[in-house]
Amino acid sequence: MDFPSRFDVIVIGGGHAGTEAALASARMGVKTLLLTHNVETLGHMSCNPAIGGIGKSHLVKEIDALGGAMALATDKSGIQFRVLNNRKGPAVRATRAQADRAIYKAVVREILENQPNLWIFQQSCDDLIVEQDQVKGVVTQMGLRFFAESVVLTTGTFLGGLIHIGLQNHSGGRAGDPPSIALAHRMRELPLRVGRLKTGTPPRIDGRSVDFSVMTEQPGDTPIPVMSFMGNAEMHPRQVSCWITHTNARTHEIIASNLDRSPMYSGVIEGVGPRYCPSIEDKIHRFADKESHQVFIEPEGLNTHELYPNGISTSLPFDVQLELVRSIRGMENAHIVRPGYAIEYDYFDPRDLKYSLETKVIGGLFFAGQINGTTGYEEAGAQGLLAGTNAALRAQGRDSWCPRRDEAYIGVLVDDLITLGTQEPYRMFTSRAEYRLILREDNADLRLTEKGRELGLIDDLRWAAFCAKRDGIEREEQRLKSTWVRPNTEQGQAVVDKFGTPLSHEYSLLNLLARPEIDYAGLIEATGGEAIDPQVAEQVEIRTKYAGYIDRQQDEIARLRASEDTRLPVDIDYTTISGLSKEIQGKLSQTRPETLGQASRIPGVTPAAISLMLIHLKKRGAGRELEQSA
């Protein structure tokens with residue numbers, strides 16, 4: 001057979017996790033196979049047509065900083081861009097983009113098809129080849145065998161997928177796609193903890209049947225933001241508005257009177273749904289005192305009339321869906337193009353994973369995306385990139401890598417998953433990170449791109465752009481530091497006139513910029529400086545104004561890092577540690593944390609227990625620093 005059967009890395013699944021995993025592995029120079037059940041659905045946005053949002057855009061920027069495709073695909077397909085929390089500090093600002101679903105998918109496919117070292121093959125995976133607790137390859141639906149020392153599973157909602165509309169259900173990976181039944185059975189044979197989760201989607205509406213005149217228009221931002229560090233607004237297609245309407249008492253009455261026909265409330269669905277993206281049934285049940293809920297009407301694309309009514313995800317029967325949709329202002333005559341539905345699927349307890357996202361029990365088998373209990377394109381893409389990177393590192397005989405919690409939201413995501421596990425679909429928020437001021441959207445490249453270059457993820461073009469930005473920041477900060485403004489001079493008076501800030505003595509421009517009332521653009525205008533790259537200017541201003549807070553956070557990180565990175569021996573027997581309660585011994589034995597820091601975040605493990613473990617390690621002489629290569 002001319003088609004190769006042996007690869008370094010095999011990725012199963014072509015969604016957001018799978019595409020980033022395959023691209024990362026191939027960028028690192030290893031021979032990579034991407035197996036997908038349908039080439040036409042590579043990069044498909046299964047749920048809402050949007051990328052980013054609070055916490056999520058930080059992940060997108062980090063994927064981008066490591067050379068991933070999601071941000072650039074968003075810039076090329078985004079039909080509306082907004083910065084959320086714009087009036088708050090830079091740590092919690094977040095970019096969100098509506099994407100043209102068809103363009104996004106086409107861009108991702110183009111990137112995949114033009115990636116060296118990457119083979120794409122359309123076949124479902126039905127079996128894993130495992131020998132002596134090591135993965136050796138996969139078997140496809142038609143019996144083809146492909147071999148690799150590293151396999152990345154990114155199965156999304158396809159493992160044992162069951163679609164519910166009302167009290168009727170049928171097998172499916174998502175609407176229109178078959179589930180992975182054979183692989184689900186095979187996975188349940190492995191010594192891994194498995195559970196069921198649920199997610200859902202709203203009915204899609206024909207925009208020609210909607211009255212926008214009674215809704216509130218929500219235009220995008222001007223100037224238009226960009227998502228990728230390599231992107232620009234000229235990449236964006238035509239920009240459009242979203243619209244806002246609301247449910248009402250009649251809507252809630254329709255839903256409440258039909259809860260007995262809901263698969264969620266009649267006990268048909270066993271899986272737990274996402275807390276932060278609840279169905280409309282959940283909303284009116286959990287928030288019974290609320291008179292209305294917002295519904296965001298989002299366009300699916302520039303060349304379709306289809307709309308996505310964000311906020312009314314439902315699995316109620318179709319007749320109820322039609323009635324509740326038509327009870328909403330502006331949608332009294334709405335035509336439903338596709339019914340909403342819920343889907344149940346298998347996921348595996350992420351506490352059975354290492355930091356590399358490799359399973360603890362099967363060597364070379366990596367998990368990424370919804371199989372780990374997460375929800376969202378961004379969370380999936382971040383895990384996919386990390387799993388693909390570590391699968392490639394394993395193939396190259398190099399140490400694995402995962403950023404720490406103080407280095408990236410990706411690090412927060414992975415640490416939360418493998419330490420705490422999850423009983424419901426996990427979504428990223430900025431509130432999950434202790435070091436938000438350092439882990440900003442705007443500095444993701446400064447935090448991660450150098451590491452990405454070292455790993456082999458960053459091409460020459462991106463590296464040159466990054467170096468120019470980094471060096472530009474250093475030059476401008478030095479210029480501001482060495483440029484002085486004195487009272488009663490032309491420059492000094494210009495500053496006073498511009499900001500109403502009296503100068504009692506001479507100041508460097510850097511000192512002046514640290515003042516809350518002085519902004520960078522105004523300071524340059526007043527003192528006659530030259531315009532510089534906007535990304536450089538943004539970094540200089542943020543770093544200067546928040547320098548004191550950032551320094552304090554860095555000091556805190558340095559203090560904690562010594563114990564945080566102390567590695568726990570793989571063979572440690574917690575029952576031999578004097579003073580540990582049986583409960584804590586059990587928790588530690590079950591989770592098998594890799595570091596003392598990870599152990600400290602296991603619920604129920606007390607600071608006193610950590611001290612006892614540290615004493616035990618010192619006695620053994622086994623404590624050594626983990627350079628995040630577990």
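Each residue's number is its place along the chain shown, starting with 1.
Cβ coordinates are placed from backbone N, Cα and C, and glycine is handled just like the others.
Computed from a predicted structure; not experimentally measured.
Listed features, source Swiss-Prot:
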BINDING   G13, G14, G15, H16, A17, G18  FAD binding site
BINDING   273-287  NAD(+) binding site
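Shown here: features listed in Swiss-Prot, placed on the structure.
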{"residue": "G14", "record": "FAD binding site", "Cβ within 10 Å": "28"}
{"residue": "G15", "record": "FAD binding site", "Cβ within 10 Å": "30"}
{"residue": "G18", "record": "FAD binding site", "Cβ within 10 Å": "30"}
{"residue": "R275", "record": "NAD(+) binding site", "Cβ within 10 Å": "14"}
{"residue": "C277", "record": "NAD(+) binding site", "Cβ within 10 Å": "18"}
{"residue": "S279", "record": "NAD(+) binding site", "Cβ within 10 Å": "26"}
{"residue": "E281", "record": "NAD(+) binding site", "Cβ within 10 Å": "26"}
{"residue": "K283", "record": "NAD(+) binding site", "Cβ within 10 Å": "18"}
{"residue": "H285", "record": "NAD(+) binding site", "Cβ within 10 Å": "17"}
{"residue": "F287", "record": "NAD(+) binding site", "Cβ within 10 Å": "12"}
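Counting other Cβ atoms within 10 Å of each Cβ, the binding-site residues G13, G273 show the lowest value at G273.
Taking the centre of the Cβ atoms of G13, G14, G15, H16, A17, G18 as the FAD site, the nearby residues of that chain (Cβ within 8 Å, site residues left out) are V11, T19, E20, A21, T36, G43, T154, G156, A368, G369, A380, G384.
Taking the Cβ of H16 (FAD binding site) as reference, residues of its chain lying under 8 Å away and at least six apart in sequence are, in sequence order, G43, M70, G369, Y377, E378, A380, G381, G384. Among the binding-site residues listed (G13, G14, G15, G18), G15 has its Cα nearest to the Cα of C277 (NAD(+) binding site). Around the Cβ of A17 (FAD binding site), a 10 Å sphere holds 34 further Cβ atoms from the protein chains shown. A helical conformation is recorded for A17 (FAD binding site) in the three-state DSSP classification. In three-state terms derived from DSSP, F287 (NAD(+) binding site) belongs to neither a helical nor a strand segment and is classed as coil.
Secondary structure at R275 (NAD(+) binding site), taken from DSSP and collapsed to helix, strand or coil, is coil. Reported as a whole number, the C-alpha separation between E281 (NAD(+) binding site) and G15 (FAD binding site) equals 28 Å.
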